[in-house]
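First the structure, in the form of structure tokens, and then the observations on it.
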Amino acid sequence: MNPIVINRLQRKLGYTFQHHELLQQALTHRSASSKHNERLEFLGDSILSYVIANALYHRFPRVDEGDMSRMRATLVRGNTLAEIAREFELGECLRLGPGELKSGGFRRESILADTVEALIGGVFLDSDIQTVEQLILNWYQTRLDEISPGDKQKDPKTRLQEYLQGRHLPLPSYLVVQVRGEAHDQEFTIHCQVSGLSEPVVGTGSSRRKAEQAAAEQALKMLELE
């Protein structure tokens, strides 16, 4: 891997790996090698959830479990992680197989989000829980400062449904129009039909649920509710 690109990435992350094979594995999609990042992603997902939950618990001592859960979901969802990945310019560092490269996998939100979680898992194994916790808090500082409890933290499908119900309009319909990839690494494309919008809204994700949420979020933006 290009050492200039990797050094720039580590500066953006705010962390330098002692064991570079962990960084290489974290950046490797399963389409590129049998030594890929899915186990690190599994580990990083759990660590991220703990760190964000702990931060919210101490920042909002009077907020109930439901609002804290919704805030955590907002902070750890795929499109938030993909935003962070783009801030790190992570796409140009990914190791992808030829098929994923050809189809633009370095731009795909699900791959970017999964890689951020894999990096978290890699940093943990390379250091300790205190180091990775502080690193995550650094990455999330602005988002943690800006987030607040309330209806805004409900998931997009719920907010879209409540908006339409409040205006006595039909509920949105979601239709799977395409499923790409093998069973272990699929991408779903959903069309969401919403009253008041002339064309179906498109959402993609690594599961049907995630694709529906992405479509609902896009619909909310088009309705100028975001």
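Just so it is clear, glycine is given a Cβ too, placed from its N, Cα and C backbone atoms.
Under the heading active site, Swiss-Prot lists ASP45, GLU117, citing sequence analysis as support. The feature Mg(2+) binding site is assigned by Swiss-Prot to GLU41, ASP114, GLU117. Here Swiss-Prot flags 6-128 as domain 'RNase III'. If you look up Swiss-Prot, you'll see 155-225 marked as domain 'DRBM'.
Take the CB of ASP45 (active site) and look out to 10 A: across all protein chains shown you find 19 other CB atoms. In the predicted model, residues of the domain 'DRBM' (155-225) average a pLDDT of 90.
GLU41 (Mg(2+) binding site) is surrounded by 20 other CB atoms, counting those within 10 A of its CB over all protein chains shown. Around the Cβ of ASP114 (Mg(2+) binding site), a 10 Å sphere holds 27 further Cβ atoms from the protein chains shown.
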